[in-house]
Structure formats: C-alpha cells, structure tokens
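Enquirer: Per TrEMBL, transmembrane segment is recorded for 50-67, 103-124, 130-148, 184-208, 214-234, 246-266, 286-308, 345-365, 377-396, 402-424. The domain 'RCK N-terminal' annotation in TrEMBL covers 510-627. The annotation region 'Disordered' is assigned in TrEMBL to 680-713. Look at TrEMBL and you will find 689-701 tagged as compositional bias 'Gly residues'.
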C-alpha cells in the first residue's frame with residue numbers, strides 16, 4: 001500500500017468505514033487459512049458430484065423410455081400437454097395493453113430467475129447461475145409456456161449485458177497488456193477460427209450434403225464461442241488469470257473481430273436469382289473494405305478517447321454527483337459501442353475499447369463499481385434469452401441427431417485447440433482446458449443462422465436443429481470447465497519431475513514477474529497479478545502447494561529460488577521483477593543473493609521476517625524490503641485514523657511522515673525497553689555486554705520502500 005496511486009473517491013460517495021475493511025480483511029484471512037484456497041477474493045465454484053450426475057442420467061433415460069414407450073407414460077404426457085394448452089388458451093383470452101404486457105413479461109422474468117437460479121445452484125450437481133438462467137428462459141420461452149412471445153425484443157436489451165461484460169474486462173486490462181497478448185489474439189485466435197471453420201464445413205459437406213457457401217457460413221458460425229458464458233464461468237471459478245483463462249480471452253477477442261467478416265460473407269455467398277453466388281473478386285474486395293473500416297474505427301476511437309476521456313471525467317467529477325458520474329459511464333459505453341456497430345464491428349468490441357481507455361485513468365475503480373449492478377442483471381437476462389431458443393419438443397423428436405452434433409462439435413473444437421495451442425507456446429494441458437471452454441457454440445450463431453436462412457444460404461430445418469445444439473452446448477460449459485479441472489489433476493501427477501519447470505514452457509516468457517514462495521503472501525500477490533492479467537511464474541519447495549496450484553492451472557512450479565539453474569529455467573534474465581516471500585530468512589537471503597549475482601538488472605522485492613533480516617537482505621542486493629511485522633502495524637494505524645474521520649490524503653501523509661521521521665525513535669525505545677514493540681527488533685549483544693541505546697541509524701530505503709534498521713552497537 002506504500003506509494004500506491006491515490007484513487008479519487010466517487011463523487012458524493014462516502015468513505016468506507018474501517019470496521020468494514022477490518023471485517024473484509026478478517027474474512028480473507030479466514031479463507032487463507034483454509035488449505036487449497038488459492039483465490040480468496042473469488043468464490044470457488046461448487047464441485048461436481050459425478051455420481052449424482054450418473055444417477056440423474058440413468059433416471060433421464062428411464063423416464064424417456066417410460067414416457068415414450070409405455071401406455072401410462074404416454075397418458076401422462078398427453079395430460080401435461082393438454083394442461084399447458086389450457087393455460088395458454090386462458091391467458092390468450094385476457095386483454096392486455098402493450099405497456100402492461102411489457103411489465104408482465106418483466107415480472108415473469110424476475111420471478112422465474114429467483115426461482116430457477118437457487119433451485120439449480122442448490123439442487124443440480126455442479127449447477128451454477130448460468131444453468132439456472134438458461135432453464136428459466138427455456139420454461140417461459142415460446143417453446144414451453146410461451147409467457148415470453150417476442151424473444152427478439154428481449155435479446156436487444158439482453159445484449160447490453162454482454163456489452164457491459166466486455167467493458168468490465170477492458171477496465172481490468174490496458175493497451176500495453178493487450179499488446180503483450182497480440183500473439184495469442186491474432187495468431188492463436190485466427191488459427192482456431194480458420195481450422196474450426198474448415199473442419200465443420202468439411203463435415204457439413206460430407207455428411208449433410210450442404211453446398212459450399214452454406215457449409216462455410218455454418219463452419220464460421222459454429223467456430224465462434226460464447227464470450228458471455230465462457231468468461232462468466234472463468235470468473236466464477238477464479239481462473240480468469242490462469243494460462244488457459246488468458247488464452248480463452250485472447251481467442252474470444254479475435255472471434256469478436258471475425259464476426260464482422262462472417263456477417264459480410266452471408267450476403268456475398270447468398271445465391272443470386274440465377275442460382276450463382278458472389279465471385280472471389282467481389283468477396284475479396286468486400287473483406288478488404290471491412291478490414292480498412294475496422295482498423296480506422298479502432299484507431300480513431302483509441303486516439304480520440306485518449307484525448308477526451310480523462311478531461312471529461314475530471315469535469316464530471318467536479319459536480320460531485322454520483323448519478324451524473326454513472327450516467328457518463330453508461331454514455332461512454334453505449335456511445336462507443338454504437339460507433340463500432342456503425343463501422344460494421346460488434347457492440348461488445350466497442351465496449352471493450354471504452355474499458356481500455358478508462359482503465360488508463362484514475363477513475364477506473366469507481367467506474368467498475370458503478371456498472372456492476374447493471375452488468376449482473378442484464379447478463380442474467382441474456383442467459384435467459386439464450387434459454388428461450390431451446391425447443392424441448394424438437395429435442396425429443398431429434399435427440400439422436402442433437403446429441404451426435406453436440407459431441408462432434410465439442411470433440412472437434414477441443415482437438416483444434418489441442419493442436420493449435422502448443423504452436424503458440426501454450427502447454428498441452430492448458431490447450432485442452434482452453435478447448436473445453438471454447439468448444440460450445442456461441443450466441444453469434446443465432447444471429448448468423450437467422451440471417452443465413454433469410455438469404456437462402458442455409459435451409460430452415462437445419463438451422464432450427466442447430467439452435468437447439470448451440471443452446472444445449474452452451475449449457476454444458478460449466479461441466480466442461482469442471483472436466484478440464486479433473487483432467488488437469490489426472491495428467492499432473494504428484495511426481496516432482498512433472499512439477500518442475502520445463503524449458504519448452506518457459507522460453508516464450510518475457511517481462512513477467514517471478515514469485516519465490518507460494519505461501520499465503522505469494523498466493524495473494526499471484527491473485528492480484530492474475531486479476532490484472534499480468535504474466536507471472538511462482539516457485540515453491542512444497543510439492544503440496546505446487547500440486548494444489550497446478551489443479552487451478554496456476555503457473556507454479558517446484559524449485560529452489562536460491563538455485564541459479566532453477567531461476568534460469570523460469571526466465572529470470574527476461575523477467576520484469578522478482579518477489580521473494582519464502583518461509584525462512586536463510587532461504588530469502590539465498591534467493592536475493594542469487595538474483596543480485598546472476599541477474600543484477602532484475603529488481604527484487606522481498607518480504608523480510610524482521611528488521612535485522614531486512615538490513616541483511618538489503619545489503620545482499622534487494623531493491624526494496626518490507627518487514628512483515630511493520631506494514632500490518634501501519635495499516636492498522638491507518639484504519640484507526642480513517643475511523644477518526646481523517647480523509648484519505650491526510651492518512652497517507654501521516655503514515656509517510658511517520659516512516660520518514662519516527663521509526664528511529666521507536667527503535668531506540670525498543671532497544672532501551674528490551675521489547676520488540678511488534679517490529680521484530682533483536683537486541684545485538686556485544687562482547688562483554690549488550691548494545692547500548694545509541695542513536696538509531698534511521699531508515700534505509702530502496703525504490704521508495706522503507707525499512708527500520710537496528711541501532712549501531
């Protein structure tokens with residue numbers, strides 16, 4: 001917290017009480033005590049009970065046989081259908097004005113969500129909120145109760161949820177970090193889309209007998225994945241900053257750009273009145289024009305935003321009105337999204353760019369807080385709109401074809417990522433886990449299939465079946481994520497050799513952070529870096545800690561940070577900096593000495609056990625040292641000052657002044673009283689007596705971080 005950038009408070013927002021901060025800190029500490037909880041700030045997803053799933057699957061098969069092949073079962077189905085028809089008829093006789101209908105549909109959606117989401121989360125093995133919303137949408141949609149008849153109106157509003165989701169992701173990134181991901185975005189993302197398109201198109205032509213233009217549109221549509229569902233599942237599982245999480249996000253970002261190309265291809269590939277489709281020259285010309293428009297729009301938004309965003313927010317914040325501040329944020333998001341849509345790009349891409357621009361300002365944290373309520377509600381509405389596309393009747397009629405198509409889609413897309421990922425430096429296991437979350441279809445397929453049917457590129461009966469395939473595959477995403485986690489625990493055995501860093505995995509690392517020590521401090525630092533998508537590698541000599549981290553796909557390896565060969569393997573010579581937080585003073589000293597001797601250009605930040613140890617570490621070459629007993633005391637004092645109604649600037653100034661002037665006085669008091677006062681001071685014994693209470697040597701600093709040094713003997 002020392003020297004951290006001061007974030008302006010929200011206009012009109014009150015400062016958070018210190019008691020709330022203390023409660024949050026206590027909760028985090030309690031979670032850290034629990035072994036295996038590597039991501040305390042992110043709620044862990046509920047583990048899947050595979051035995052219960054097996055029992056439910058057998059029950060579903062038995063139920064299907066009973067309701068379709070026995071007379072009592074058919075009678076039950078007929079009775080249920082007649083009751084549903086009766087309810088629909090009764091509702092149809094009620095005259096409702098258009099405004100009242102909108103209100104009634106809103107009530108239905110809210111009631112369904114508060115019933116279905118808790119039922120699925122609590123009652124379904126591995127169930128989560130996404131599945132609950134999908135189920136709720138299927139129930140009230142036009143293919144079941146029919147309480148929501150006009151799904152398109154719902155979709156337009158629900159799409160804003162996806163817009164705010166991408167905006168939130170942009171807030172957590174920066175343009176510099178995005179540039180560091182360029183290889184994954186434009187290399188791996190392009191390869192995934194192209195190879196999946198070719199594979200699906202080939203299967204469609206060979207098995208379904210589709211013509212070339214229709215097969216290309218079908219392949220491109222199914223190559224896309226659901227940005228909303230995949231990112232939501234990653235965030236719920238705390239895996240957004242993992243290797244496979246970063247890879248998934250990179251591919252999804254490229255897919256948002258590829259959407260533009262596919263939407264332009266549909267009319268170009270549509271048959272003309274004479275039965276022919278557009279020629280190659282016409283298609284190439286249209287794609288080149290689309291690329292120019294996309295580049296111009298993105299560059300223009302970024303350039304204009306960098307000039308206007310900060311002054312705009314500074315001016316708005318001067319009004320000290322929280323509502324106007326939030327309205328400005330919504331205007332920025334929706335306005336930028338509208339501009340990208342005018343340029344032929346997606347709404348979500350515009351929101352992402354707006355997030356990137358605001359992330360570079362000091363208002364990012366408040367903006368993120370302002371949009372959180374809107375994002376959560378609208379994302380739920382989006383998932384319900386996807387559930388409305390599920391036709392239970394069509395699934396029952398064509399269940400064999402639907403299940404076969406889902407299996408082929410998932411297996412094929414996983415195979416593509418397993419082959420493509422390693423070509424761009426992604427480990428095999430991370431490639432498989434990325435493929436499992438990218439394997440389901442995406443929401444773009446609903447748009448593309450509808451457009452393709454209206455243009456005569458794809459037959460309507462095929463697209464109706466594919467609606468069910470895509471929607472059900474999206475519902476499987478949480479289970480595929482859990483399967484990837486189980487797969488990781490199987491493939492990553494407890495053998496130490498498999499836990500050690502491999503040169504092939506590390507050769508692409510550059511400007512990363514090395515965390516030596518993966519205990520509680522190291523885990524918190526890793527979590528913070530993960531949330532900001534900053535690449536890092538962690539080392540620890542506890543195989544248990546490393547194994548638990550591997551199950552979460554965290555880049556943690558077994559190795560001694562005091563060994564030159566180990567540090568060389570994790571790319572220390574290319575690292576941005578190193579953080580050392582090992583269990584013993586001796587291990588810390590060896591790691592610092594190794595870094596200063598072999599990698600002197602890499603800055604080293606160390607957590608020291610006490611003040612004497614801190615001095616030794618600084619002399620060994622540490623850039624900055626923080627005694628573990630010092631900073632908690634100052635943080636507690638800062639919390640008390642906030643409780644006594646000091647403002648943020650005053651608290652920061654007082655704490656910094658204390659560091660500069662008063663630590664030497666405390667040190668003298670510590671030496672004379674024979675107590676450490678919580679600062680870990682150790683009395684230095686001399687030959688023939690103890691150290692006197694001479695003048696303290698004050699503060700020794702490195703790169704802005706202060707430490708308390710002992711009095712000279």
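For all residues, glycine too, the Cβ spot is worked out from N, Cα and C.
How about a rundown of where these features are and what they're close to?
Expert: Among residues of the same chain six or more beyond the transmembrane segment (103-124), those with a C-beta under 8 A of the stretch's C-beta atoms are 46, 96, 131-133, 135-137, 139-140, 147-148, 154, 380-381, 384.
Here the transmembrane segment (130-148) has Cβ contacts under 8 Å with residues 84, 87-88, 91, 105, 108-109, 112-113, 115-121, 124, 154, 229, 232-233, 380, 383-394, 471, 474-475, 477-478 of the same chain, all six or more residues outside its ends.
Through the fold, the transmembrane segment (214-234) approaches residues 45, 128-130, 161-162, 165-166, 169, 192-193, 196-202, 204-205, 240, 245, 248-249, 251-252, 255-256, 258-259, 261-262, 265-266, 269, 348, 379, 382-383, 409, 413, 437-445, 448-449, 452, 457-459, 462, 466, 470, 474, 477-478, 481 of its own chain, all at least 6 residues removed from its boundaries and within a Cβ separation under 8 Å.
Nonlocal intrachain contacts for the transmembrane segment (246-266), taken as residues 6+ away from its ends with a CB within less than 8 angstroms of a stretch CB, comprise 166, 169, 181, 184-186, 188-190, 192-193, 216-217, 220-221, 223-225, 227, 230-231, 234, 240, 283, 286-287, 290, 294, 344-346, 348-349, 352, 421, 426, 430-431, 434, 437-438, 442, 444, 447-448, 451-452, 455, 457, 533, 535.
With a cut-off of 8 Å between Cβ atoms, the residues of this chain six or more beyond the transmembrane segment (377-396) that come close are 68, 109, 112-113, 117, 129-130, 133-144, 148, 151, 154-155, 157-162, 164-165, 228-229, 232, 402, 443, 446, 464-465, 467-468, 470-472, 474-475.
Across the domain 'RCK N-terminal' (510-627), mean pLDDT in this model comes to 85.
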Enquirer: Based on Cβ pairs under 8 Å, which of the stretches 184-208, 345-365, 402-424 lies most in contact with the transmembrane segment (286-308)?
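Expert: Comparing 184-208, 345-365, 402-424: 345-365 has the most Cβ pairs near the transmembrane segment (286-308).
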